[in-house]
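Participant: For reference, the structure I am asking about is given below.
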Ligand code: BGC
């Protein structure tokens, strides 16, 4: 835990430069536009510890797997998001001395991430050799309007002397990944050109042949006048640069504008890469920094229009939720169905930038509510496109039918290799099915099912039908040898959540099947033919649903996380001495596995997903049993607990859990923010406000709200898109006002009262007292 950032409603602000915080800030102040992303590395060289990170979405590397004991079924590679060409670099010399914040005195340092308009800035005074002081101001952004464009404005002013300023903007493809398994560099040069007006560099990955061209052009201004300069050009392997020298008087500001286009072979033919980059670059330069910045601010204003949350009376909470929403919108823009959301987005290398179940379980609700439904649909289509690979994956593991989606993937293939997770954490298949239900339930867009969804559901169901086995001893179907969401238990039998989500998937698949049969018989016939679906299969699915085994403890009347869970010694977390926590840094794996401690929501994950099927008493009994032994050592954990605590009227607990998720990165709560921000859990933070405090659900085509307001807040409001309408929900101490900002009327329910919010209309309801905690 580290709190060094200034509270502000719209910006993240760091005052004063402490190198010890630099890598944390590099993560937090990252910028991105769904197409590329950039850690907050300095433009000028920096001799201190730093994690360089320039990422291009979808450009990855299949790094050769490194494991101790090889298991059949492991993938040959682990995919990695690539640190690619450093396009922000500008070396600076002041009267011959290199500007490097690790090697000079730094005064008045302020770094700001402006979330309202989508830019990063930095200003400071550097005291160089001989006491020469320069003021530096840098601002940069990656355009959310022109996805391939990044722009930097970099100004240096000599404060107490007149002298020579030298600038060298460059493109450097000679970069590496910190997590490279064999210290290998992943890029080779294809071509380059350094020229006074425009330079470019094309590099390609050693495997898979991803090509990236970065093109740069720059202007230098003094007194508002563009200078005519003849840059000294330099080239070396995977590197181009252009150096200019400018005489500056005391107090005279010299500004360099650097424009860059980064284009990849994912979007352009190889021969067209350099021309495409050049064209985009010249158009951006022609528009100029101020115009690009204005476009950026306008585009962000539109994003905030559909996604902002306003909290009155708590700046820290306000800043935190905006930070979470901002980072989610920086990571995924939804216009490319080949892309997805890595747990660290564009803010670091950890988790390889790959796709996890986090997307379906946590991120889909955010994009469903805050953007056009096509965006969440694209996340679903991503998995549809990977269906063949998921079938291959199941075959590889010995299944005759069905699809097992990978735990971790870039292109649909499994690229993770820890047997207890890769082979056993199969509940992920359920989340993928659940996201289809969630999408259809939220949007009402049933066409998705006949077009794409049913095929995925049927293949996942086939997997479950083969993965269960009938236990003669129990007279029930069981699922053996799994890891549930709680990764602090491995290779268990009958993880309640896995059994439940498996049976639910079969149930939903049958529901969709019957619906298609009755209402879209032609589509059904075509799909049944394509899938070679037999009646006996559906009968088997029903038999499994009716006879699934669920571990349960009669005495406590709770679902058991897995067979034998109660053999463990149950000691609440708050009875552990604080030095034991976090367990994953202090205990051996063996000790963790034998303990009762739960990494993240497991039974409760099921009670959250299938919330409509369980009454409050059941939720309460299970929450009361499991929450005290949960250590929340996955960032995905506190948000679900916050949501269920809200339902149960556990206000303090809900707020405690909310705080733990909301400022996780800003306050470096888990002491790991330097690796990157926890992007997927940020969607969980959004969920804990909208579904937790707002109580939002969609039931029978109605948007249901059951808000309560944390005692620390005066009011809060959030926006949701719902079936063509955009609603702003304002919650105060005593009222709930829902304003429809569109012409499309919306059916909503507030507590138990139904309303239609007409075109541009508004409805108001009394706020009920917060639900009392059940006794
Ligand atoms: C969690 C998983 C999650 C992964 C990526 C792990 O720590 O236990 O549920 O998918 O992180 O966020």
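For all residues, glycine too, the Cβ spot is worked out from N, Cα and C.
TrEMBL entries are annotated by machine, without manual review.
Residues or ranges marked as domain 'Glycoside hydrolase family 65 N-terminal' in TrEMBL: 13-266. The domain 'Glycoside hydrolase family 65 central catalytic' annotation in TrEMBL covers 322-687. Residues annotated as substrate binding site in TrEMBL: 357, 358, 599, 600. The active site, proton donor annotation in TrEMBL covers 487. Residues or ranges marked as domain 'Glycoside hydrolase family 65 C-terminal' by TrEMBL: 696-757.
Could you place these features in context, so I can see how deep they sit and what lies close by?
Facilitator: Within 10 Å of the C-beta of residue 357 (substrate binding site) we count 23 further C-beta atoms, all protein chains included.
Secondary structure from DSSP puts residue 487 (active site, proton donor) in coil. If you take the C-beta of residue 487 (active site, proton donor) and look for same-chain residues 6 or more apart in sequence within under 8 angstroms, you find 421, 425, 599, 600, 634.
Counting residues of the domain 'Glycoside hydrolase family 65 C-terminal' (696-757) by DSSP class, helix then strand then coil, yields 0 helix, 39 strand, 23 coil.
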Participant: With every protein chain in view, what's the tally of Cβ atoms within 10 Å of the Cβ of residue 599 (substrate binding site), excluding that atom itself?
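Facilitator: Result for residue 599 (substrate binding site): 22 neighbouring Cβ atoms inside 10 Å.
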Participant: Just jot down the residues in the same chain as residue 358 (substrate binding site), at least 6 apart in sequence, with C-beta under 8 A of its C-beta; none if empty.
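Facilitator: Long-range Cβ contacts: 341, 343, 636, 680, 681, 683.
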Participant: Looking only at the domain 'Glycoside hydrolase family 65 central catalytic' (322-687), what is the model's average confidence as pLDDT?
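Facilitator: The answer is 97, the mean pLDDT of the model over that range.
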Participant: Setting 357, 358, 599, 600 aside, what same-chain residues sit with their Cβ within 8 Å of the center of the Cβ atoms that define the substrate site, listed in sequence order?
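Facilitator: Those within range, site residues removed, are 356, 361, 485, 487, 634, 636, 637.
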Participant: Would you identify the secondary structure of residue 358 (substrate binding site) according to DSSP, in three states?
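Facilitator: Note: residue 358 (substrate binding site) is helical by DSSP.
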Participant: Report the largest Cα to Cα distance, in Å and rounded to a whole number, among the residues 357, 358, 599, 600 that the record lists as binding substrate.
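Facilitator: The substrate-binding residues span at most 16 Å between Cα atoms.
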